[in-house]
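J.: Sequence annotations record features per position, and here TrEMBL assigns signal peptide to 1-26. Residues annotated as transmembrane segment in TrEMBL: 265-287. What TrEMBL lists as domain 'Protein kinase' is 336-614. The feature ATP binding site is assigned by TrEMBL to 364.
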């Protein structure tokens, strides 16, 4: 008897056939001619953009409407702020914009550009992302006269002082000026005299809405549009509205004319497709409920099927670089039907298992997958790129329908948190061992940031995600929130905050502190090492942010006055030096602004170098997260 292996594909194909066929009759009105490309000044406005005062909403992607002023100046609203459009590249999906305060062509520009923007640009609507090579210029307002005289070379517009994000003067300006605005800029030029020119040049954004379907529509003679009610791209053609493109053959439009004959054909086609879908779905429900396919396939679900297709596509693109793939029956065999549970979290559960070669493993069984499978893909592909003694080894994975699992090397001492927060186990860990763990984690993070062809940002560094082997060698684990980026990227675009409260860097929540980058991992590392050094947290009690902030100030006061701050009064001089070094390094890592933090490479130098070379860091600005 042949195995029934094509039911999911048949289900998907039949449903797709019905949807595609239905689209031909879903748009009774034809708007061909309404959505032609138009101009506002010198800028060509085409899909996915449209001019709100001249064109209907269906001519553009939702949220990408352009306001064309009386003097033919195109404005685009980005997160509540209006920006002048300087250029649009439809091929690269990049738009260049400038704040009207800095625009030469804007009527809002005064002689001295005195009206500085009061808000930083934030991209939280899912429409745009920053071009990767952009950096930040900080504009400081309301600075005292002493600062203006001292930094006269940095004056750019009407009393505003400009500084690049990594300039040494930034700390002085933050401490003395009242108000700061972050403005993106492009390129590597850092000449202060050219800051004004760069501000007038603006910055570039990449829009996320794909124009791929639009290219096919235009090539077939159609005009691009968007059906907001169904959240779908549509193509307006001379005969009627189509899903993607106009029919290329001369005979095809006659099939879709407005005659009764064509309408009858359409209705018959749709009815036939609908009937077929109903029959197939009913059959599949009956088969599934009776358990005929229960061992071969999980419950059929459209969303799960789409997620799996996304994951499969990602994994296929990596070919032999992807780790070994296991079947779900293999997972049950490895774990003896999930007999021994090691732990549980929001992601799912972890079970102890054993491979055929005798190696013990930890099997992470995921109970849900976020979005289009981003978490699962991140963890598989991020960690499969790594090979380092301080990064956990991924031995394989399983993907069968909605069943997903990751197989890791088993580390006998478990996670670091129990050696920090558990009063019974933390006393068994010597200070020398604790210090080696901190150094090992720093080496692992430095490897992720610099040692791979693609930079890996972890975004969830915390004691629970550091595992220890039998010799207490630390290994960074759990790459579910990780992001891959080029080693040349100074900052990355992130549409939502990620991480664990208490370890998340301020810029991940508040973008006016700077861009999200590898420095965000540095902050998390610093908070973790501070906890390791001070042993102040309780495993059963959630820390209050206020106490954490007071604690940091308390530590700084004692560092500056060289007073004792140890929780264990019996520490030897060597142990006190280890504790002091860990605290000093961690306080440098948790500086509020990313530009004030060292890179992980520098952190490694600091923690491995002599303590005499370490100074007490400045007091960080209070940030509540």
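Quick reminder: no glycine exception, Cβ is built from N, Cα and C everywhere.
Any idea what these are sitting next to in the structure?
T.: Restricting the average to the domain 'Protein kinase' (336-614) gives a pLDDT of 81.
There are 24 other CB atoms within 10 A of the CB of residue 364 (ATP binding site), with all protein chains counted. According to DSSP, residue 364 (ATP binding site) sits within a strand segment.
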